[in-house]
């Protein structure tokens, strides 16, 4: 499955992009929203990943943690498929507890915009996140060499319900492999949100080519 990343100023604009999109799931980046009337998203809830990314891991703006937690709580009243929260954030535990109460899936994420650590460190990160028992673990460092992709893709040998790939131009190949190995992967609906991100259409075409072989 492919999750299209929705970057919009409000829910109505997000809905318009979802209606035009051809993804299986849609990650709605509430950290980009300028207003928070979320009701228009309700009809699409079972296909939504709600993300309120903190600035330190690629968020569009700096939002106080208490405000982020309240936004997560409001968003979870929609009953989305998943919420995505960073493992290193102060509110991760509380978001996960609230999600379990509401029977909303949790993606626990880790992003590194500087590089890719050694495989042993990646395994420590994976094991630490898995110990928190999320529904999906997401690990996304940045590739500074082609070998960084190999380090990250090796994680699939040690975990299920894992989404792992590299950002950056050198990480594009790992994004393609993640579409084959992960429960879902991410692609842009329009302009790339993260370095090296493919569009939904581009990723679908590559997957068709691989399937044809």
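Numbering starts at 1 and runs along the chain as displayed.
A Cβ is built for glycine as well, from the same backbone N, Cα and C atoms used for every other residue.
When the candidates 197, 205 are compared with the 3-dehydroquinate site entry in Swiss-Prot, which names 27, 28, 29, 53, 175, the shared residue is 197. Packing around residue 175 (3-dehydroquinate binding site) is summarised by its Cβ count: 25 other Cβ atoms lie within 10 angstroms of its Cβ, all protein chains included.
For residue 111 (active site, proton donor/acceptor) paired with residue 138 (active site, schiff-base intermediate with substrate), the C-alpha to C-alpha distance reads 8 Å. Annotation for residue 197 (3-dehydroquinate binding site): spatial neighbours 5, 167, 175, 186, 187, 188, criterion Cβ-Cβ under 8 Å with sequence separation of six or more.
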